[in-house]
Amino acid sequence: MRLGMVIDLQKCVGCGGCSLACKTENNTNDGIHWSHHIATTEGTFPDVKYTYIPTLCNHCDDAPCVKVCPTGAMHKDKRGLTLQNNDECIGCKKCMNACPYGVISFNAATPHRRWQDDSEVVANGTVSPLMLLKRTGATATPNENPERGDTYPMIRPKRTTEKCTFCDHRLDKGLNPACVDACPSEARVIGDLDDPQSKVSQLIKLHKPMQLKPEAGTGPRVFYIRSFGVKTAY
């Protein structure tokens, strides 16, 4: 099995719902985005073209982050996903430097530490972040998802790296990654690239797919088909 993803740019509306769903599902800290995007604006008024390409870990066949990791923290699982054993991460950032896509993040500070602030924004008028955290019964952030902790630390610790896992904890339960289910236009499909009958394989066969930075030779498993269709003319 080789899990991969197809993103149909013609269906994508650039809403960012995938990124919001990812942050909610995976408890990522401020400024850390497992699901992100490349947005470009071309042309001059009144003929302007806007393009939006969602990005995430490509779970490459020949993942450079796995090759350079000195402890084996970055590794491949039986589905071909590029995963990380956070307990073995020493924070050396070699994986970050090796990744040609810039999709690996580093926790330079303790994640979600703003929720440990016990000062009220408005004295006697609002609760403090810490008070709100305690009222929800959460440990790190009020909207934390404990299910993320099934296969990976629920909150990744300071001085470790982290990245998209294709929501492996959801895959284990037969569910799609959060970004796939959240997409309002169903632009994302995940499936087995080794199965010629899978939807991802059929889409790749039907359309001429694109991969990000193919010249890097990493064998990315995220494929893009068709083109983002927003063009504004006044």
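Even glycines carry a Cβ here, placed using N, Cα and C.
C99 is the residue from C22, C92, C99 that Swiss-Prot records in the [4Fe-4S] cluster 3 site together with C57, C60, C65. Together with C22, C164, C167, the [4Fe-4S] cluster 2 site in Swiss-Prot holds one more listed residue from C12, C15, C179, which is C179. Same-chain neighbours of the domain '4Fe-4S ferredoxin-type 3' (80-109): 1-3, 28-29, 32-34, 36, 55-61, 63-74, 152-153, 156-166, 168, 212-213, 216, 218, 220-221, counting only residues six or more beyond its ends whose CB sits under 8 Å from a CB of the stretch. Of all the binding-site residues listed here (C22, C92, C183), the one with the fewest other CB atoms within 10 A of its own CB is C92. Mapped onto three states, the DSSP output places C22 ([4Fe-4S] cluster 2 binding site) in helix.
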